[in-house]
Amino acid sequence: MRLPGSRYARVWIPDPEEVWKSAELLKDYKAADSVLHLQLEDGKDLEYKLDPKTKNLPHLRNPDILVGENDLTALSYLHEPAVLHNLKVRFIDSKLIYTYCGIVLVAINPYETLPIYGADIINAYSGQNMGDMDPHIFAVAEEAYKQMARDERNQSIIVSGESGAGKTVSAKYAMRYFATVSGSASEANVEEKVLASNPIMEAIGNAKTTRNDNSSRFGKYIEIGFDKRYHIIGANMRTYLLEKSRVVFQADDERNYHIFYQLCAASRFPELKALKLGSANDFHYTKQGRNPAIDGVDDAKEMSTTRQAFTLLGINESYQMGLFQVLAAILHLGNVEVKDRDADSSIIPPNNGHLLTFCELMGVTYQDMSHWLCHKKLKTTSETYIKPVPKLQAINARDALAKHIYAKLFNWIVDHVNKALHTTVKQHSFIGVLDIYGFETFEINSFEQFCINYANEKLQQQFNMHVFKLEQEEYMKEQIPWTLIDFYDNQPCINLIEAKMGVLDLLDEECKMPKGSDDSWAQKLYNTHLKTCALFEKPRMSNKAFIIQHFADKVEYQCEGFLEKNKDTVNEEQIRVLKASKFDLLVELFQDEEKATSPTGAPTGKRTVLSVKPDKSRQGQASKEHKKTVGLQFRNSLQLLMETLNATTPHYVRCIKPNDYKHAFTFDPKRAVQQLRACGVLETIRISAAGFPSRWTYQEFFSRYRVLMKQKDVLPDKKLTCKNVLEKLVQDPDKYQFGKTKIFFRAGQVAYLEKLRADKLRAACIRIQKTIRCWLARKKYLRMKGAAVTVQRYVRGHQARCLAKFLRRTRAAVVVQKFQRMHVQRSRYRRMQAAALAVQCILRAYMARQRYKALVREHRAVIIQKTVRGWLARQWYKRTLAAVVRLQCCVRRMRARRELKKLKIEARSVEHFKKLNIGMENKIMQLQRRVDEQNKENRLISERLMGLESSHAAEGERLRAELSRLRSAEDDAKSNANRVTTLLEELARLRKELETTRSEKKVIEDWAETYRDEMEQMVAELKEQNGLLKSEKDDLNRLIQEQNLQMTEKMCKAIQEETQQLETDLNEERSRYQNLLTEHLRLEERFFFYSSGTAVPKPGHRRTDSTHSSNESEYTYNSELAESEEGSRGGEDVTRGNLDMSLFLKLQKRVTELEQEKQSLQNELDRREEQFQRARARDDEQHKKARSAELEYESLKRQELESENKKLKHDLGEMRQSLSGSAGATSAAPGSPAYKVLLDQLNASCEELEVRKEEVLILRSQLVSQKEAMQHKQTMTEPVLYVEDVQKMRDAGEITQAYISLKDTNRLLETQLQAQRRSHENEVEVLRGELQSIKEENNRQQQLLAQNLQLPPEARIEASLQHEITRLTNENLDLMEQLEKQDRTVRKLKKQLKVFAKKIGELEGGQVENVSPGQTVDEPIRPVNIPRREKDFQGMLEYKKEDELKLVKNLILELKPRGVAVNLIPGLPAYILFMCLRHADYVNDDQKVRTLLTSTINSIKKVLKKRGDDFETVSFWLSNTCRFLHCLKQYSGDEQFMKFNTTKQNDHCLSNFDLAEYRQVLSDLAIQIYQQLIKCMENILQPMIVSGMLEHETIQGVSGVKPTGLRKRTSSIADEGTYTLDSILRQLNSFHSIMCQHGTDPELIKQVVKQQFYIIGAVTLNNLLLRKDMCSWSKGMQIRYNVSQLEEWLRDKNLMNCGAKETLEPLIQAAQLLQVKKKTDEDAEAICSMCNALSTAQIVKVLNLYTPVNEFEERVAVTFIRTIQSRLRDRMESPQLLMDTKMIYPVTFPFNPSSLALETIQIPGSLNLTFLTRV
């Protein structure tokens, strides 16, 4: 920022396109200069000429740090270009549509749906100061609501602007805000009715224009009424100047009112068929604009919305159909065709279809209507004429009738909407919302524009006066010298319009003239005002127009049509025809207002007008209303409106239309400037700039400009310090004024101070940079110097080492050369010597091998010769032998054949002989024997002959061989000489063949070598391929393993995601269930209040509208008496209201529906939990070992129970056998075996029962031991004494007496045994019954087994084990009962036996003295006095039925948590209640159990209802309710809850009642108390969070305060009453210590802390997103420091693993986002990866709101924000901007058993529970 006129100062210069352009001075300005040398932002140079007359300099630009401020009055330079630029920057760059301009909210239409109007935004603005949050329509509504409640003064919100600027939407959102934050005093849904009026009024009063798709064509003022508690009780609507001409005419690209198109779109509905409608293009009144559709609007759907709104407002179906019937008739009337009959008359063709439909719908006659559409009646003083009218007049009359009908219908709907919103409750105050047309100027301006601009003149005057008044009040409050501020007063313009002989007065006068016309009226205007009023002008080129100088601009009005529109005439005969209609609604439309009936059945009546006096003349002239002109009516209604507005506190909303093309976020400077001038924003700026526009509190000024002060200037008094410094900084005292609490500055002074501050900071920065750079340079120099010295030292050392190394290497080289040369010579000699020896060795070896080979060859040749010769001799011998043998064979064959022939001949002769001589067989046999013998001899002879022949042949052969040898030797000797030459030739041939063979061998060897190489190469290739295949195989195996691993990971991840999804679904179902319990509780309370006839109590002004989820049980409690007593005591101050039975039935039905929904949600929750369990079962497969161990444990437990069962059965069997044996004896003496067996069995049974039932026995160990000694003495000594007495008896009388006594004893024993026999028979019957029951049990077990077989394996095992354990337990209990019965029987028998034993002892007592000295007699056992011990305390408390109320009163209702928490054990009330419950269970009193639980639950609810805002009370009863719930689980007898119990605790389990349903009820109650605790905690923390986390400077001096505007912002400087971060930490410590003192479960404390931190993070982030002044780098550092302090608190409390830190992650990331670099694409990528807990909308919002506090910071570029949006486009997330601060995490109550023994609990006397008895 530069000084004005200095070089580089930035200024604004006018521009025809952009209105204003920014430029920079290139030279300093001097007073004599007429031209300024400027440079534009695009780099072009410009010479700007100054006006020679005024010498006005261009406007200066504000510093960049002030650009984009929330309040335009915070700008240092207040002028038009600064306002325009600030709005443009906020709208285009930051996407912010709202901006404050002093008391005005400027709203720019974005032409795009923005997510800034949800319930979360409403909750965020509720209860906030107007300057604390970013500008918003909700902030204005909240300010109006707050001032109404604080000042008890009515308020008004005035919404104005051009058509299409967003007035209707702004008014709608304001009413939605009131309906949301205030609620309704009655349950008649008034706020819903108020909002439901919007779609009705939009349907009948809005239309599409060229500028707006939903333009309001009427003005309306809605008064929303409130009662004393500021709840909505009703509303009332006033309308102004409906544009009736739109019904019959629309310009191009415009539409008629929406309701007509909605009817046409819904014409296909069955109920609308009778209207005979079709497409909108079929009707003249809806097709003139030639564009009947609106993009994105479904008229049929809108029709359904309109009908629903009618129904909600109580307009029933019949009235709705009547309205639609009238609207359809209007459309048909527009299609009635009028034709010329002649020049002066017209006619409607007969049987015109549309006219027939019109008459049918309206219930009038066709002839009358067709006649009066073409005729009119003229009345004179004496006669009445009926005159036909030409076609044009007939058409005009038709259109006038349509307009009149629609106007009546519009007024009727408005009246009945008001009646539906009317209330009988007294209205205490109201807030009015005025939605009225803004200043309009078109090419052709007529009567409508004149009225609109007249209304805006009145509103502008009221606005100027209000602004002036506020400025005056501010100066007077601060005691600033008041100087009159000159502002534009438009009273002359208003007088021109409404004063006597004004425009309206002359217009009404002209309307009364018989021949009045627009031209004559124009001439009267010229004559009256042209020369007398400067604001009235006449156009140069027209005599039918006039110009009025309005506050915004000059407007030229065309006089044509003024008179007609002002008269608003309609043919009275047509009205008379309509009044004669059979259609009731039509008749009602044209009746007087007071005679109209209400469709809702409510009584009629005028609305209640508060603070405004009604127009008395209006009441007396109701019958003459139609004679008043439109101008007069409008003036009267406008006067009434102004009186209302003047009686209220106004709030202004100015809507700006950024462009005429409806393009989203497109800013047209020309259009914006026109509207800013027209709506009074610039006038506000001018008034502010004329005085002291910049205002600082002393604390803010000190904090901001502390850098400009010296230490000696700082005084304890901040006010005096600021005065002293400011006098030094600003020399001109007129530039500022000191008020009581603020400093007031003239325009531009803040910019000057900012320049001084920036210069001081810049100089400080330069000084710091200089010092740091010097320090860095010196450090660098010292490092370089040290490095150079070090390098030199190392280099020199290195050189010395290199020299020494060189010398050593030289010496070593000489030595190496010497030894190397010696080695070379020696090696050479040794090689030569070795070579010579090798040559000799090889040569000698070669010669030796050659000799050896020759010898071997000769030897082998000899062997070959020897072998060949032997082979040849053998071959010859074999051939000869074969020939001889063959010859012998042939000879022998020949002889044999001959012999055969002979034998055959003989055989034939013998056969013949046999035939002839059969008797000769013997002789033949003899002969045969002889022949055989002869043959044997012949064979022997032949063999000897053969031997001789062979020896002879051998000898001959030998001789022949010798002969042949000799012959061959002779032949060889002869042939050797001849064969020498042949052998030589053969040798040469063989050598040649050898050479050939060698060459072939070499070729074969080469081929083999090549083949081997090829084979080796192929083998190598194969090995390589094999290696590749192996590597590929390994890769595939590895890939398969990786895929398996990935699949496993994916499966695990999928299972984990599924588990997380199931857990999420379970939490959602829990949350829905808990929210449903909350709704059920709320409705139940309302039901109770309505049933008791009292009004539902409502809280006061809910500054933070809460949707907390509380909870409530499903169980219905019967405590009406106590509730009625409490209500009678506390309900004296509650006003009683009338009971609305319809509402009561609705609520009752709603309660039923909620209960059904609750049950369905409970079922759904069970199903989700089953799914979750199944998923967990799949995940728990890896824990089968642990599961098997549990199964083994269950099996062992079952075996133990079975063994115990068998043992009991065995004892019972032995007892029965002994009883049977003893019963079979007819007589038994005390010493007999049967007697001993019986006694032993009885003793053993008694001992066993005493061990198992020790709590029932009275005598302890001493009595048992003495009894055993007595029994032992009886069994051991009595037989001995009996034998001795019998041996010594001498007297017969004694023997007889003893015999008789023993006989009597035996009889008694026999009788006793018979009784035992009978009992045994009874027992047999009992056993038979048991057998039958066992059979039934067996059948049941088979059924259970069949059911279990259908279950999964694991569930089957668990179910079977559970059934088995249950069966064995039941069987053991049955056996115990049987043993108890046997115990009673045994005791009875023992008593009898003792009596008889005593009698026998008395009989034998006289014989004791005669015992011999050698015999030992035991001393009698002395009787012992055994003291009776007091019963052991069983942990139960007994109380009488009548003491129950006293118990509940002392223990719950009147108990003070503080004393109990400090002095007694945690959870003491829960333990006492459970001990009382145990006793009721012990005595099996179900009524007592039920009433005790019911009274307990109802009393806790009553305490919470009475002291629900006390955190300590709620925490105390949450802890005790959870402890009571845990006790019910711990002592329920369920195995899953008994794992951690001691044996004594298991003995204390409930035995008669299953309280599982009551556990669910208590769980619901605990949820309700938890949510009440969260609500109480939130109410305490809520005021601290924003101040402590955002506004307070934990690190002092980091952030500075920027200049503020008219809207005072909460200071960030900590005052005495300001909350700080330490306040939050102290409160958290208080919460934690209270819960720990009350013994709250650790897991529950973690959930509470997590909820606390979520609330802190959500509220802080939401306020950060809605406060532009908080989005800076320094504030991000403050937030991160505050979060670190919260994390430190978590570490101190060991709560880091409770999930609380994760809830702060969005806030942490938002703080990091404020601090990170925001320029490059890398920064964008880092932000996208870092801010994963923030939504895209939140990230973009923070970047848009980022505001530099100092000039050294830079704004975020728009391109960077676009880059972020493009990168985050693919995110799937909710579009919601704010976090839900009312969200409560679903709470769970993990089972936490107590180790405290019930029998050790002592009841203190301070509880006044002396009526309880310990059992």
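Each residue, glycine too, has its Cβ placed from N, Cα and C.
Feature annotations, courtesy of TrEMBL:
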| type | residues | note |
| --- | --- | --- |
| BINDING | G161, E162, S163, G164, A165, G166, K167, T168 | ATP binding site |
| COILED | 917-944 | coiled coil |
| COILED | 973-1086 | coiled coil |
| COILED | 1310-1399 | coiled coil |
| COMPBIAS | 1109-1120 | compositional bias 'Low complexity' |
| COMPBIAS | 1126-1135 | compositional bias 'Basic and acidic residues' |
| DOMAIN | 6-58 | domain 'Myosin N-terminal SH3-like' |
| DOMAIN | 67-758 | domain 'Myosin motor' |
| DOMAIN | 1494-1770 | domain 'Dilute' |
| REGION | 596-626 | region 'Disordered' |
| REGION | 638-660 | region 'Actin-binding' |
| REGION | 1094-1136 | region 'Disordered' |
| REGION | 1158-1203 | region 'Disordered' |
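What TrEMBL annotates, mapped onto the structure for a quick look.
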residue	record	Cβ contacts under 8 Å, 6 or more apart
G161	ATP binding site	A107, K167, G438, R654, C655, I656, K657, Q675, C679
E162	ATP binding site	R211, G438, F439, E440, C655, K657, Q675, A678
S163	ATP binding site	T209, R211, N212, S215, S216, Y437, G438, E440
G164	ATP binding site	N109, T209, R211, N212, S215, K657, K662
A165	ATP binding site	A107, N109, G438, C655, I656, K657, Q675
G166	ATP binding site	A107, N109, C655, K657
T168	ATP binding site	E202, N206, N214, S216, D435
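Sitting within 8 Å of the Cβ centre of G161, E162, S163, G164, A165, G166, K167, T168, and not among those site residues for ATP, are the Cβ atoms of N109, N212, S215, S216, G438, C655, K657.
The Cβ of K167 (ATP binding site) has 27 neighbouring Cβ atoms from other residues within 10 Å, across all protein chains displayed. According to DSSP, the domain 'Myosin N-terminal SH3-like' (6-58) comprises 0 helix, 24 strand, 29 coil. Here the coiled coil (917-944) has a mean pLDDT of 75 out of 100.
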